[in-house]
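Novice: Pulled these from TrEMBL:
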type     : residues  : note
TRANSMEM : A:12-32   : transmembrane segment
TRANSMEM : A:44-63   : transmembrane segment
TRANSMEM : A:90-110  : transmembrane segment
TRANSMEM : A:116-138 : transmembrane segment
TRANSMEM : A:145-166 : transmembrane segment
TRANSMEM : A:186-207 : transmembrane segment
TRANSMEM : A:219-242 : transmembrane segment
TRANSMEM : A:271-292 : transmembrane segment
TRANSMEM : A:308-326 : transmembrane segment
TRANSMEM : A:338-357 : transmembrane segment
Amino acid sequence: MGKHVPDYFKISPFLTFFLITAVQVGVGILSFQSIIVEPAGYDAWISIIIASIGVHILIFMMYKILNQEEHKDIFDIQTMLFGKWIGKSLGVITCVYFLLMSFVALRLYIEIIQVWMFPQISLLVVGTVFLLLVLYIINGGFKVIAGICFLGVVIPLYLILTLIFPLEFAYYDNLKPVLNHSVIELLLSAQKMTLSYLGFSTLFVYYPFLKEPKKTQKFAHFGVAFTTFLYVSTAIVSFLFYDEEQIKTVIWPTLGIWKIIEMPFVERFEYIGISSWTLVILPNITLTLWASSRGMKRMFNVNQRKTLIVYAIIIITVMLTVRGFDNIDKISELVTRFGFYYVFVYIPVLCIIHFIFQKVRESK
Amino acid sequence: MKKIKVMITLCLLLLSGCSASNEIVDELALISAIGFDLTDDNKLQGTITVPNFQSDKTVTTEVFTETGTLIQEIEAKLNSEANQPLAIGKLEVILYNEKVAKQGIRKMKDVFVRDPSVGSRARMAVVEGNTKDVLTREYWTHGAGLYLAEMFDQNFINGRMPQSNIHLFTFALYSKGMDPFLPLVSVGKMVKINQIALFKEDKYVGKLPEDKTFTFHAMKDNFQDATYMIKKEQGEVSAAVNNIMSTRTVDFGENIKDPKITINIRLEGILREFKTEEEVDKQKVNKIEKQMEDQMEQEAKEIIQTLQELNVDPLGLGNKYRGLNRNFDEKKWDEMYKDLDITANVNVIIREFGIRR
Amino acid sequence: MKLFRKKPKKNKKVSQLLDQSKQISSMKELMEYCKESNDFVHYEHPIKNQSLWLSYYKPLVEAEILHRDILENVDEETIHSLQDLMESIPIENVVITKDIGVIHEKLLSGHIMIRFHERDTKCVLVNAPLKKTRSISVPEVEFSVIGPKESFVESIGTNLNLIRYRLPIPELKVKEFTVGNLSKSKVAVLYVDGITNQENVNTVIQRIEDIEFDELIDSSYITQIISDNPRSLFPQLLDTERPDRAVSVLAEGKIVILVNGSPHALIAPANLTEFFAAFEDYFLNPIIASAFRIIRFFSVVFSILVTPIYVAVLTYHYELVPKDLMGTLITSREVVPLPPILEAVFLELTIELLREAGARLPTKVGQTIGIVGGIVIGTASVEAGLTSNVLLIIVALAALASFTTPVYKMGNTIRLIRFPFLLFAYLLGFLGVVLSFCFLLAHLLRLTSLGRPFLEPIYPPRLKDMKDSVIRFPFSWNTKRPIQLQTEKTQRFSAKKARKRKDIDE
């Protein structure tokens, strides 16, 4: 099944950092605060760290599997472990999951655009423009995708500075008393938080594209740590800014924070922020869509360019048929829930099975 | 060739879907201020001002008034009067008449909070009297909205008035250990922003008079650059302290179950003007310091009394208490608050008295 | 090249036309054929006891060489054979041949053919080319206040000389090719052996050998033909008219391409940041140079984005405008009947017109165009209420900013990509601006120059190459050659010696 990825198409190990961060930070960081606050209140920032530790363990497991199977991605490993039929059906599920992820990222972002900037905007137009852009990037190959992930992290970094402005209205008593919630509440919050960390499972697909893949593990961990830093700082600033009851009523707390920013030349920052967010969303859509189409190519040997066009058409059609915010929320709920089980149940199981497989292989 | 054809079709598609509705800035009537009054038959009356920028750089203000039961209804009616579509994105000031405020303004605030185009910094205030009266006045070359916005801002920056905007009001409204307050605008010969309107939940319940505003601010926030007047017994001003830098801390006593609250206020300022025959010296300054401390402590006592009588907590003491107490209960706090022992402890330091000996 | 491979039919026709010379099989036919052209000289020249037949193209031959060096020497000697004739002429590269193809080719490159009889098939060919070239002048496109004031000229020999004497090492290799079915242009590929990556050299050589073209006038033709993505608006080879720049990049491990007849050398591989680096930067203190580079970089961003942002803000995002600015904006736009997009396109086109008119007209008239355009059209259109004066300022600044780009071709690109940005800003506001920016990024990410990433050192991020990109570090820091070039010898000079710091008072 397929040859090794030639060296020319591989990327430097440290870019793993950006690949991991870029795919983790997305629409979620605009709205996660009001979700994780539900169970654990303003102690939820601890839950972010707890969730991050979970993700670190998972990444460790993923590398445990991948490092032993050099030049192989998840699709090879699945067929190797479960045989052709089960392996391929699992692969198809993975592909559909990635496809849905990119759909949800795109759709949720367009929803923000609709609510905040252009209520009458045509889904068809924005969706097409975005997908054209995404296809243009993916057609450039994995190196270009990694480039967009890199720039998608570096260029929007200036948005961190916007977290300083709302501190003018910070109410430092909000965070006190620390640890006023039970462990179970914290874990519940952490579970909700894991949803914002999803997407790193694309590592399973792009692993063969990394130069000296074994060395990339530390960068992957750094990536998760950086994402955690972004989430924690955003969460803390919004906790200082909003009251606990107030934040529950806000759908996009981060955008609300931007609303208060007033600079001499720009009075309302959220319009710039939302637009710049395109650069943050782009790696999300691109990488997952690439992963999905790559899977199809690996399993069924189909032309990746054609798969992508089919995907684009599917996404547009679904976007036009599923209307109403409730339905979109349902889909995104479904995808994130599936993602949770995929990541927190399937990966450990896979790790164990692989471990047993390894032992059996060695004993032979 | 095929590719090019596809590209062209896509481009045409995009152009034909020529998307969002335009909001060209000079073709909008930008609402800069809104005022809400009650008519005699208990209907809501909305007044909006729209600045009209003239080519000679002056601004005239156009005022529209309509009545209705819902804000959206009023807006629809107003739109039928205006020559350009009304746009709310540059709303600077929202004024509520006392009567409206007494009925509760939660719903009326929500309209603005829900609308993404309204900024979080829009200033809110209660008006003693008719808001229409405030908005229809002539304010030099500025439009009413801009003038009021700047008037609010400079009072906030110079510490005469604790800051207040739509975000802070919402924050206090939702907060368990805090009640909202708003600046209270008095309408006389001039429009002045000098008092504090106190809210229980979203309802206006009482006010603090002009001479208590400074002390209230000192009890609530840290600030810089304010001025305080020291009075003699007769109420005549005897000295003025400038450039005040105020910091406050709240102490809940040793027993957290039975809190004894002390609000420590530390003020540093410069003595600039005084009404006395003698030369100023160190001793005299100490005396003035003492005088100011006494006066402020007295005012603070009166403020606390008012607050406790109305059972409102705009100082956010409840929040502070919650931060220290792991088993904070909102109801218990509400009951406790009335009878709490709250004192203010003011420490005034006059750093210098000008550049002359 | 892909472009040419797609149309093999045309290709055949071209080669047929040019193969005519091969159909001439005898000397007689050749003479007949050449005499059809009136500038071909063919006559008998009598010397002592015999006569010589001289044939040459008059415009290609230096008469002085003919008279002083050839005929004078030939007269003295007693000549019996072509061999004697060859020995008597004190000029190098004299050839005896009877190959018709060679004869014809040499005649066309300024050789004189000498025979004893008109019917002889064997002849002596003497090189006596007429070289009328412009003298070396001051660089005009890449002018610098300080530093060398020499620029390339149209003659490849002079240009090679300019490079050689700055780089007197045997490792400097020159590979020459003849390109163009009709023009027979000489193309030279220069590189420093042992530094330059051989793979890059092979790529260039192969691409140049593959060129199928008839009339290669200028080096920019080569840029267009051998670029990795010829459809891209961005130039992927850097062109320069400064020999000093050419030499400095040779030392870095790049490849320089010279074309006879073109005063511009091509540099490959190039990356994006180089297009915003003026060579003068290297003559200035690194801090000053870096500051100017940053200004230039921002002016490019400004130039591309500012008008689209104006359009986006005024069309969709009025909330963003500070309240103090609102009055200015509204009053200036109040009388303008056009929507912001038309207003902006109108002004942008006006500026483009002015630039184009200024570029086409003779220098002296061109100057007045700028004044007429700037003052008269600008003020008049504001007064007539066609545009707002705020936009006039913005557009003028944007145009000014776009002229700070040191490389002319890049400046053109920047001016052109403003228009799609404008369109998108009109359609989708800020979102449109960011989206078109993303398209631009994606395009730049996909571009390569000789297979090396074009966006380097930004992506792939290479901190070491950053030392001479947006910011120029002191020379002592740049001890390594750029990673982008994958040079065979990465060390330029010893970092230790260059950066050694003495202790106080030592």
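Note: Cβ is positioned from N, Cα and C throughout, glycine not excepted.
Can you tell me where each of these features sits in this structure?
Specialist: Note on the transmembrane segment (A:12-32): residues 59, 105, 108-109, 112, 146, 148-150, 152-154, 192-193, 195-200, 202-203, 206, 210-213, 215-216, 219-220, 222-224, 226-227, 230-231, 234-235, 251-255, 277, 280-281, 283-284, 287-288 of its chain, located 6 or more positions outside it, place their CB under 8 angstroms from a CB of the stretch.
Under 8 Å from some Cβ of the transmembrane segment (A:90-110) lie the Cβ atoms of residues 26-27, 74-75, 78-79, 82, 121, 123, 126-127, 130-131, 134, 198-199, 202, 204-205, 277-278, 281, 284-286, 288-289, 291-293, 295-296, 298-299, 311, 314-315, 318-319, 328, 331-332, 334-336, 338-339, 342, all in the same chain and six or more residues away from its ends.
With a threshold of 8 Å between CB atoms, the same-chain residues lying at least 6 positions outside the transmembrane segment (A:145-166) that come near it are 11, 15, 18-19, 21-23, 25, 137-138, 209, 230, 233-234, 237-238, 240-241, 257-258, 260-262, 269, 273, 276-277, 279-280, 282-283, 286-287, 290.
Outside the transmembrane segment (A:186-207), and at least 6 residues removed from its termini, the chain residues within Cβ reach (under 8 Å) are 16, 19-20, 23-24, 26, 28-29, 32, 35-40, 43-44, 46-48, 50-52, 54-55, 58-59, 62, 66, 72-75, 77, 94, 98, 101, 142, 213, 220, 223-224, 227, 231, 284, 287-288, 290-291, 294-295, 336, 339-340, 342-344, 347.
Sequence-distant contacts of the transmembrane segment (A:271-292) (same chain, at least 6 residues past either end, Cβ-Cβ under 8 Å): 19, 22-23, 25-27, 30, 95-96, 98-99, 101-102, 105-106, 109, 112-113, 116-117, 130, 133-134, 137-138, 142, 145, 148-149, 151-153, 155-156, 159, 162, 199, 202, 205-206, 255, 258, 308, 311.
Listed as Cβ neighbours of the transmembrane segment (A:308-326) (distance under 8 Å, sequence separation of 6 or more from its ends, same chain) are residues 99, 102-103, 106-107, 110-111, 123-124, 127-128, 131, 134-135, 138-139, 289, 292-293.
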